[in-house]
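Residues or ranges marked as active site, proton donor in Swiss-Prot: Cys69. Summarising the annotation, Swiss-Prot assigns active site, proton acceptor to Cys209 and lists sequence analysis as the type of evidence. According to Swiss-Prot, the feature substrate binding site maps to Asn11, Asn60, Gly70, Asn71, Asn181, Glu199, Arg200, Gly210, Thr211.
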Amino acid sequence: MVFYKYSGSGNDFLITQSFKKKDFSNLAKQVCHRHEGFGADGLVIVLPSKDYDYEWDFYNSDGSKAGMCGNASRCVGLFAYQHAIAPKEHVFLAGKREISICIEEPNIIESNLGNYKILDTIPNLRCKKFFTNNSVLENILTFYLIDTGVPHLVGFVKNKEWLNSLNTLELRALRHAFNANINIAFIENEETIFLQTYERGVEDFTLACGTGMAAVFIAARLFYNAPKKATLIPKSNESLELSLKNDGIFYKGIVRYIGMSVLGSVFENGCF
C-alpha cells in the first residue's frame, strides 16, 4: 500500500486510494503513529464516486472517523489533481458534505467547506466547574458551539499571551463535556486572529485545524464584527485566509507534498 504525505497549515496527512469502502480504523492507528508508523494527524482514503470526482473516508490518528477535516480537504484536493483523479477545480464528497476545490497556484489551494450551524451560545457559568483557580478561561464570558463539518467550541480572550497559558486538563474536560473540539482565540485587529485548538481524535493541542479556524472565523464575524475576510494564524504560525461568500466558508493557503511511504505488510494481511 502506498501512502502520500501532505501538510496543510502544519497538519500532516497520509493519503491513499481504495476501490471499496471498508473499516480502516486499525490501519489509521498503525500508520499515523509518530513512533511506530509513518506519523500523521490523520489518514485519508480516496474512494471512487458515481456523482463526484471522488469521495473520502477520513480517520483521525486514533482510528476514529470524522465527517470533515478542513486542512485535509485542501491536501486531498492537491493530491487528486497531481494524480490525475480530478481537474484543478472539482468537487468531492466528504461524508454528507460537498467540498469544492480550486487550485490557484501550484501549492495554493482554496477549499469551500460549505455552510455552518450555530448549535449553542454558552455562558461562562455553565463551564466554570471545569476551570482551575485563576484560569485563563475564567475571562471568557461566552462560548459558542458551532458546527463547520464537525462541532467546535469557541471562546475569545483579551490578551494574546494567554493563548500560551492554556491548561490542557481544562480543555480536555470541555472537549468531553461538549463532545467538541476546543478553540481559544485572540482578535488582534479587524483582519487578524490568532488561535489554539485542542482537537478530538488527536486529544491534544494541534498545530492547526481547518474546521476550527472556520468556526473561530464565523464566531468573530457574527459576534465580534469581524469582516467577511480575515487571516487566521494557528499554533503552526502558517496563516490561512478565510472568507465568507454566500454563507459558504472559503479558506485558502499553502499545501506541501512531503513524500511517499510504502507499507508492504498491509498487502500480506489483506487490509487493502
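In case you wondered, yes, glycine gets a Cβ from its N, Cα and C as well.
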_binding-site residues compared (Asn11, Asn181, Thr211) - highest count of Cβ atoms within 10 Å_ = Thr211
*Can you grab the distance from Asn181 (substrate binding site) over to Cys209 (active site, proton acceptor)? Cα atoms, rounded to a whole Å.*
9
*Kindly assign Asn11 (substrate binding site) to one of the three DSSP-derived states: helix, strand or coil.*
strand
*How far apart, in Å, are the two Cα atoms that lie farthest from each other among Asn11, Asn60, Gly70, Asn71, Asn181, Glu199, Arg200, Gly210, Thr211, the residues recorded as binding substrate?*
15
*Work through the active-site residues one by one (Cys69, Cys209) and point out the residue whose CB has the fewest other CB atoms within 10 angstroms.*
Cys69
_Can you name every residue in this chain, apart from Asn11, Asn60, Gly70, Asn71, Asn181, Glu199, Arg200, Gly210, Thr211, with its Cβ inside 8 Å of the center of the Cβ atoms of the recorded substrate site?_
Asp41, Gly42, Ala66, Cys69, Ala72, Val150, Thr197, Gly201, Val202, Thr206, Ala208, Cys209, Gly212
*Around the Cβ of Gly70 (substrate binding site), how many other Cβ atoms lie within 10 Å? Please give the count over every shown protein chain.*
30
*asked:* As a test of the contact definition, list every same-chain residue at least 6 positions from Arg200 (substrate binding site) whose Cβ is closer than 8 Å to its Cβ.
replied: Asn60, Ser64, Ala66, Val150, Arg175, Asn179, Ala180, Asn181
_For the C-alpha pair, I'd like the distance in angstrom between Asn11 (substrate binding site) and Cys209 (active site, proton acceptor), rounded off._
7
